[in-house]
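Below is one structure, written out as structure tokens; the observations come after it.
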Amino acid sequence: MEPKNNTLIPQFLLLGISEDPTLQPFLFGLFLSMYLVTVLGNLLIILATVSDSHLHTPMYFFLSNLSFADIGLTTTSIPKMLVNIQTHSKAITYAGCLTQIYFFILFCVLDNFLLAVMAYDRYVAICHPLHYMVIMNHRLCGWLVLACWVTTVLNSLLETLMALRLSFCTDVEIPHFMCELNQLVQLSCSDTSPNVMVMYFAAVLLAGGPIAGILYSYSKIVSSVRAISSTQGKYKAFSTCASHLSVVSLFYSTLLGVYLSSSITQNSQSTARASVMYSVVTPMLNPFIYSLRNKDITVALRRLFQGKP
């Protein structure tokens with residue numbers, strides 16, 4: 001089979017989570033509901049942190065960026081999936097596929113980086129409370145978020161440009177509900193070793209680095225909390241990072257679930273279903289975790305709805 005140049009491929013076919021036609025109305029309603037809840041919930045978090053002066057602190061500045069990244073993560077894939085279900089089409093253009101890959105990598109890695117920055121913020125707040133505002137000043141917070149954005153944009157650009165060199169055979173079916181770089185590499189008829197090398201290098205550096213930072217921050221937090229004599233003091237210290245720890249656990253456990261699912265089963269659509277957890281469910285649950293476990297957010301949302309400053 002002769003490979004065709006990638007410029008001749010007009011479109012790919014996204015097979016989705018299930019090809020059963022009787023399930024399509026249910027999947028449309030389910031994912032539309034989850035998407036609307038995700039966008040509304042994260043948008044409310046952003047509006048609350050921007051409008052309430054009590055939340056103009058480093059932690060909520062990072063949280064608003066995380067909420068924006070979560071909106072971007074779901075918007076990258078779900079609207080196209082809903083359109084395809086509604087129009088009974090599986091097609092996505094070559095340019096649209098690369099666009100999905102670019103923004104999905106960007107927002108997924110950005111989530112990873114922001115969670116690490118938020119872990120550092122909690123480390124400073126608990127281990128160095130007297131110097132917190134001096135260390136976590138507005139300038140440092142701005143530089144940290146800017147570094148996250150610049151790094152993720154450059155990484156996404158590199159991996160997407162690397163995908164441009166791939167050529168494809170006649171098989172252009174992607175067993176996923178969105179264009180995913182790994183699936184695209186597997187479809188290619190050309191030499192994919194440079195792409196695989198870049199993918200693994202980026203995974204180790206851009207995922208392993210933040211994970212190591214989170215683990216280090218929480219090891220220091222646990223050591224500091226253990227040194228507190230009173231039970232009430234320990235509870236208060238841990239309560240300040242409970243929401244973040246919940247989000248971190250949810251994000252990385254679902255990522256691990258996708259990795260294990262892809263390793264155990266050869267069914268790519270099963271992997272696609274598992275990836276729904278970190279790409280859709282996690283962004284949807286994050287606002288609930290922060291609002292239900294955080295009195296400041298709850299109060300800010302109440303003020304927002306009541307129109308109070």
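Every residue, even glycine, has its Cβ placed from backbone N, Cα and C.
So that you can see what the record holds, here are the features copied from TrEMBL:
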TRANSMEM  26-48  transmembrane segment
DOMAIN    41-290  domain 'G-protein coupled receptors family 1 profile'
TRANSMEM  60-81  transmembrane segment
TRANSMEM  101-120  transmembrane segment
TRANSMEM  140-158  transmembrane segment
TRANSMEM  197-216  transmembrane segment
TRANSMEM  237-260  transmembrane segment
TRANSMEM  272-292  transmembrane segment
Seminar exercise, completed: Ranked by Cβ pairs within a distance under 8 Å of the transmembrane segment (237-260), the first of 26-48, 60-81, 101-120, 140-158, 197-216 is 101-120
For this session: Establish whether the number of Cβ pairs under 8 Å between the transmembrane segment (101-120) and the transmembrane segment (197-216) reaches at least three, counting only pairs separated by 6 or more residues.
Result: yes
Problem set entry | Beyond the flanks of the transmembrane segment (272-292) by 6 or more, those residues with Cβ under 8 Å of it | 16-17, 31, 34-35, 37-38, 41-42, 44-45, 63, 66-67, 70-71, 73-74, 77-78, 104, 108, 175-178, 180, 243, 246-247, 250-251, 254-255, 257-258, 261-262, 298, 301
